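Colleague: Per Swiss-Prot, disulfide bond is recorded for Cys76-Cys84, Cys199-Cys220, Cys283-Cys291, Cys404-Cys427, and the stated evidence type is similarity to another entry. The domain 'Fibronectin type-III 1' annotation in Swiss-Prot covers 126-226. Per Swiss-Prot, domain 'Fibronectin type-III 2' is recorded for 231-329. Feature annotation from Swiss-Prot assigns N-linked glycosylation site to Asn47, Asn55, Asn85, Asn108, Asn109, Asn172, Asn222, Asn285, Asn313, Asn359, Asn377, Asn434. For 1-24, the entry in Swiss-Prot reads signal peptide, with the evidence type sequence analysis.
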Amino acid sequence: MLSLLGATTLMLVAGRWVLPAASGEANLKSENVEIHIIDDNFFLKWNSSSESVRNVTFSADYQILGTDNWKKLPGCQHITSSKCNFSSVELKDVFEKIELRIRAEEGNNTSTWYEVEPFVPFLKAQIGPPDVHLEAEDKAIILSISPPGTEDSIMWALDRSSFRYSVVIWKNSSSLEERTETVYPEDKIYKLSPEITYCLKVKAELRLQSRVGCYSPVYCINTTERHKVPSPENVQINVDNQAYVLKWDYPYESTTFQAQWLRAFLKKIPGKHSNKWKQIPNCENVTTTHCVFPRDIFSMGIYYVRVRASNGNGTSFWSEEKEFNTEVKPIIFPPVISMKSITDDSLHVSVSASEESENMSVNQLYPLVYEVIFWENTSNAERKVLEKRTDFTFPNLKPLTVYCVKARALIENDRWNKGSSYSDTVCEKTKPGNTSKTWLIAGICTALFSILVVIYVVRVFLRCVKYVFFPSSKPPSSVDQYFSDQPLRNLLLSTSEEQTERCFIIENASIITEIEETNEVAEVHEEYNSQASQDSGNYSNEDENSGSKISEEFLQQDSV
């Protein structure tokens, strides 16, 4: 038992006590005085330097603080060793302070008393290891745990039903696959494999006091071979209007089922509870994998249910026990999510109730909160937030980026974390930012400029092609100016006309003078017309012949 000591000890460094020095005797002294309390076991231990002195014993007294009534400490009188057990001391109250004193003795000689600092037994007590009993099934182990101490323990009399037990279990063949579970005094460990040796150890805890006990010794047991009739699995209980619906999975037909219930608080009380399970109405000898029973069977509280199967070959073990709370069991459907981009760096999210949700009392009786998971579509990094509002905004986002969101409804301040499944995932892209607009405008302008440049280059290219392969029938103006004089225009006349000489018989000299003046005017007019027609590239004989026509007219008039 002393090997278990060490977590909660009272260690005192005592001064020496000295026996009267006699002839050949040495001084006697004590060094570390320690008090250990485990459950209802009390131990006093000290170190002494008087081993070389023979016939030295030690005795201790105790008293309740403030009574001034020292009594001999049972089990600690005339002790020759350096420890004693005073568990037989009769203490009426473990919350009262106790004083201890100890001295050394040799014959009729005694040292002075050394008084230990007063202590409260309950505050110094260490929780001891619980006692464990095991029973095996094919896929489970039944635990029966006795609280630390004895049935009439004074130390834990008020806490026997407050203990919680932590179990560490592993396969005997591999200690690396350890699994830790919190269990009740009468409980089961599920999800095991048939015909496997499992080992476990258990420790007790008082969570409200933050006190943790010692582990029990290691216990090992073999699970049985696979049972011929398997147990039902995936037991669930839901609410449908004014009734409960209990469902489970089972692989075979032609099987009957039975379901039972138990109040949850009974599992906290040590002892057997197999006879306290009660039959659920309408769930006995049913041939379907579900049964329906009225809600008024259960008052407000927490319960456990279990199911087992039967056929002509036998009866299965009980299924895994399912806990449910009558206050929060109504079904919560997943919400409907919508998301809209409002700016370049924010998205607005709206949460609404599902159309399938018919039990509106859930929203009225229990306030809901929404667990929202938000992430960038190209990233696995998720942001999880709890929102009481049905409309909220995610700010500080990237422009032109796709974000996704999903959510589920939870009952606020629910310690069992009951909630719906997650909604469908909704994704939305943020709007372009100012920088994006600037780049967009710049891109459009660049594209337009590029188009104009391309058009200009194409036109120049086409003109070059036309000039090379399809030249104009008219000579250019620079060439045409050399052909603007009168002698050159005569080249365009026919050969016959060029070789013809015109002769005139002039009888009146005055007419000749008028004709010459007229010809001078015509020449001036011709020169003007020639300059005006150089750019057009057109050649005309009209001006060239105008002089001759005028001369002919004058001749005709003269002849008349």
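Heads up, the Cβ atoms here are built off N, Cα and C, so glycines get one too.
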Colleague: What same-chain residues, at least 6 away in sequence, bring their CB to under 8 Å of the CB of Cys84 (disulfide bond)?
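Modeller: Result: Phe43, Leu44, Phe58, Ala60, Leu73, Gly75, Cys76.
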Colleague: I'd like to know which of the glycosylation sites Asn222, Asn285 has the most other Cβ atoms within 10 Å of its Cβ.
Modeller: Asn222
Colleague: For Asn85 (N-linked glycosylation site) and Asn109 (N-linked glycosylation site), what Cα-Cα distance in Å is obtained after rounding to a whole number?
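Modeller: About 24 Å separates the two Cα atoms.
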Colleague: Count the residues of the domain 'Fibronectin type-III 2' (231-329) that DSSP assigns to helix (H, G, I), to strand (E, B) and to coil, and report the three numbers in that order.
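Modeller: When I sort the residues of the domain 'Fibronectin type-III 2' (231-329) into the three classes, I find 11 helix, 53 strand, 35 coil.
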Colleague: According to DSSP, does Asn222 (N-linked glycosylation site) fall in a helix, a strand, or coil?
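Modeller: For Asn222 (N-linked glycosylation site) - judged by DSSP and reduced to three states - the answer is strand.
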Colleague: Over all shown protein chains, what is the count of other CB atoms within 10 A of the CB belonging to Asn47 (N-linked glycosylation site)?
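Modeller: A 10 Å sphere around the Cβ of Asn47 (N-linked glycosylation site) contains 14 other Cβ atoms.
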Colleague: Could you check which of the recorded positions Asn47, Cys199, Asn377 is the closest Cα neighbour of Cys291 (disulfide bond)?
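Modeller: If we rank Asn47, Cys199, Asn377 by Cα distance to Cys291 (disulfide bond), first place goes to Cys199.
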Colleague: Let me spell it out: for each of the disulfide-bonded residues (Cys199, Cys220, Cys283), count the other Cβ atoms within 10 Å of that residue's Cβ, using every protein chain shown. Which one has the most?
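Modeller: Output for this query is Cys283.
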